[in-house]
């Protein structure tokens, strides 16, 4: 039995799978996410108090001047509950690796990848949800999905030359108009209750993202006509339908995998940290996540996946179909010698192949093993790390998540590369807002680190 086959069999044994469609009537009451969270919060408040009492005066470690100039790499200064990134092991979502998430979280009927609804429940509670809890969450999001009319008109008035990520940010910002948190705060709600309306806003935000993304996609790349959300379908199936790919079951399953693995990557990356920072000012989840999207739009963050694909396509045009390893290596060296980086390789934290890359590779081996684009990506994977090590260009010469996602989307016909970061944005909302909910529940303060000027640093160490 192959590794992929044996792993698929293991998943089937370990994880729940929906035996009924989302349209079926639950046979028993399924506790809602908000109800479960209300039970967990008092316990976690006491847990945090105990941790601070026992360890509050202990040091995480020294901070060097180089770290201050170097993007604060390696500085330990954030609390992020949903995920922790290990340099060798990769990401863990509430303690679960990506393979464990794939094995344990519920799937949709006929699907093989975890449902993002289940991943969100895990991020918020630290618990693997039941099938009924996931189904209830999916139906709640469908019920909350409708956009205010003025937000639809705002998107429709954007010129199709305006980048999709800019339109995405505009629309999410505009949802602030109906923020439950902003209204409650204005009415003087007690700070112990902040988490409740933050939760409501977060649920509304996630629920409305497919309609926003779909409307932008159809306006910019299609005829502007948008189908309705189907309450009997899961989140990813609705997103795929809004984009025009709902009839392709494999693409729908890819969306489930894509959202899951792009959802969270601990708190220090640009989009996560930005959302946390803006949220710490008690900006509502819509404003906080819109700020996250503006960070995600940068070429050193979420825009990287389309840069990878463009580089691979240029290579393919230059070296032809089924190139030799020597030709691929020559192209890689020419990229480095021209002063450019090899996109999709290296990571600020990881020191081994990104498990998110591996998950996508396994999906491709199962669904598109003979695709020329996938074959070239695999060939690059075999060649690039040794070249980067030889050139001394990276502490981590291994591929990250961006090295693979573009070729999968292209295979299924989603060629509109300017839209790829929007899909990343839909995914990243899960991690950002799950932490915002806990920030408000735990009473996390305004973030305000200390900064120094270069002259101040010189004086600080003068004569030492």
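Positions of Cβ are set from backbone N, Cα and C atoms, glycine also.
For residue 301 (active site), the number of other Cβ atoms no farther than 10 Å from its own Cβ, over all displayed protein chains, is 18. According to TrEMBL, the feature active site maps to 301 (among others).
According to TrEMBL, the feature active site maps to 347 (among others). Note on residue 347 (active site): other Cβ atoms within 10 Å of its Cβ, all shown chains, come to 23.
The active site annotation in TrEMBL covers 402 (among others).
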Local Cβ density at residue 402 (active site) - other Cβ atoms counted within 10 Å: 26
